[in-house]
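In what follows, a structure is listed as structure tokens, so that the remarks can point back to it.
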Amino acid sequence: ALLAPGVWLSGSFIHPSTEHTCHLPPQGILNDSDACTYLVHNGDTGVLESEPCSSWDWDNSTWTSTLNSEFDLACDSRHMGATFSSLFMTGMGVGGVINGALCEIYGRKNMFVIGLLIFYINLIIQWLPDINSILAARFISGIGQSMTSDSLLILTLEIVEPKYRPIVAICVWVPWVFGCVILGGVGYLVRDWRNLHMSVALPYLLFLPAIWFLDESPRWLIVRGRREQAQKILSKAANMQGVSLPPKNEIQAVMDDTARKSNIAEGSSKPSMMKSVKIFMGRFCLLFSTRRMLVLTLVTCYTHLTMSLLYFGLALNGVSYSDDPFLYMVFSGLVDLPSVTIAAPIVMRWGRSTPGIICFFGCGVPMLAMPFVPAGMLWLKTSLALLAKAMVSMAWSVIYLQVNELFPTEVRLLGMGIGAIFTTGGSSLSAYISDILTPLAAWAPSVVFGLSSVLAAFAAALLPETKGISMPDTVQDLENLGKNKGNKSNTTNQNGEIEAEKLPLRDGV
């Protein structure tokens, strides 16, 4: 998580929106009404005619070289800069699907190693000569990034006791915060986009020696019937901590229980391909089978799309909200720290629905107010953007927990998976918002972000409260949710506090 912001968010320094003018040929005249053309006198008629610009002069006062300036990504090709970030996010979505399909078959460590090797294509971007090969490498590296982070997270959670999982959940995001701070500093020191990209990708080589010390998940080994290997890993861990393992018969009983539960969850026999498709389609249809399931599915899709759109849109567009994009990156990371750490006690005390709605309004109102900020008060514009980012960061934690508690067990994984797909869609679109809308109207991106967040608040209001309510196992349980007021939640204890293992982690991390 410490290194992740460097490759996720470096696009804000690699393809920033900077001033540029048409590079005029001899006797060319600047066209004030169209930045994509220049004027030239027709030698025969003497009339001024417009010609398309073939190159541009770029403002290099902040960056010595950017992706946009090196490849003249302006006018018809201006979207190619944003594609650099968008394809990485899209690749992460593809990597998540691949990892989900193969992680149970080949193991957590193996998928981590494969993902890491795929990610290392990032290291050759420094020397790629054309924009198309750079974008292709960026997409492939996104696949590797997702496979690496997802498999490592699964491995970590499988070896951590449930009572310590909240600490892990927080620890995942605390390094992210400091990673944003570091990225702001590195971006300030390294103003050439190729050198910057290498600076944030090179530290991933530190994972190579760590592979030799990384063990496979004992839980996965037990499920796959490789108990002797699991026993060796458990003994190694006990020796490192200076403790003794329980008697062998007790360990064997735990392994038997773990394997038995897995067999129950996965089924004693593997269904055929046609039967698997039929089962999937049946579960997919359950997502729309009742009014409440339909609302839950649609709200999950829209809120996940909006949260990622806002979060990454605000993180990647520092040049639009501050005159110091490097300092903006630092503060945009720091505002995540209180947002993430205080989300848990807030939902323990006030539930999920009200905090989620407030967070979305708390993000939307500052964004809608931004077009009315006077030009000379850029500090206020920056403050509003940071406040909006802090609120959407908290909304992410709250809403993710709420919808996870609402989806019935029989379709929970599928429902959250669809939400993750829309998360990828939002993050992929976020890079284009400013590039496309700002030339049309400088205030347009802020209004789009603001309206999206306000609509998400109304959408979140359609979700029922889940504090103190049992997580549903079937669609019928969801329909009956809230009718049996005395039913205590299996996600809360007697004091109504969230159990450790139910605290949320965000998608793709």
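In case you wondered, yes, glycine gets a Cβ from its N, Cα and C as well.
Taken from TrEMBL, the feature domain 'Major facilitator superfamily (MFS) profile' applies to 30-468.
According to TrEMBL, the transmembrane segment annotation covers 82-103 (among others).
According to TrEMBL, the feature transmembrane segment maps to 110-128 (among others).
Annotated transmembrane segment per TrEMBL: 134-155 (among others), in sequence order.
Annotation comment: TrEMBL describes 167-190 (among others) as transmembrane segment.
Below 8 angstroms of C-beta separation, residues 3, 6-7, 10, 13-14, 109, 112-113, 116, 119-120, 122-123, 125-126, 141, 148, 155, 183, 186-187, 190 of the same chain, each at least six residues beyond the ends of the transmembrane segment (196-214), sit close to that stretch. According to TrEMBL, the transmembrane segment annotation covers 196-214 (among others).
Taken from TrEMBL, the feature transmembrane segment applies to 293-314 (among others). Within the same chain, residues 8-9, 89, 286-287, 321, 332, 360, 363, 385, 388-389, 392-393, 395-396, 399, 403, 406-407, 415-416, 418-420, 422-427, 429-431, 433-434, 445, 449, 452-453, 455-456, 459-460, 462-463, 475, 478, 507 sit at least 6 positions outside the transmembrane segment (293-314) and bring their C-beta atoms closer than 8 Å to a C-beta of that stretch.
The transmembrane segment annotation in TrEMBL covers 326-348 (among others).
Within its own chain, the transmembrane segment (355-373) has Cβ neighbours under 8 Å at 306, 310, 343, 346-347, 380-381, 384-385, 387-389, 391-392, 394-395, 398-399, 402, 443, 446-447, 449-454, 456-457, 460-461, 463, counting only residues six or more beyond its boundaries. TrEMBL lists 355-373 (among others) with the feature transmembrane segment.
Per TrEMBL, transmembrane segment is recorded for 413-434 (among others).
With a cut-off of 8 Å between Cβ atoms, the residues of this chain six or more beyond the transmembrane segment (440-463) that come close are 295-296, 298-299, 302-303, 306-307, 309-310, 313-314, 317, 320, 352-353, 356-357, 360-361, 363-371, 388, 392, 395, 399, 402-403, 406, 433-434. The annotation transmembrane segment is assigned in TrEMBL to 440-463 (among others).
According to TrEMBL, the compositional bias 'Low complexity' annotation covers 481-496.
Per TrEMBL, compositional bias 'Basic and acidic residues' is recorded for 499-509.
Within its own chain, the transmembrane segment (110-128) has Cβ neighbours under 8 Å at 7, 95, 99, 102-103, 134, 137-138, 140-141, 143-152, 155, 194-195, 197-198, 201-202, 204-205, 207-208, 211, 214, 216, counting only residues six or more beyond its boundaries. Recorded stretches compared: 82-103, 134-155, 326-348; the one with the most Cβ pairs under 8 Å to the transmembrane segment (413-434) is 82-103.
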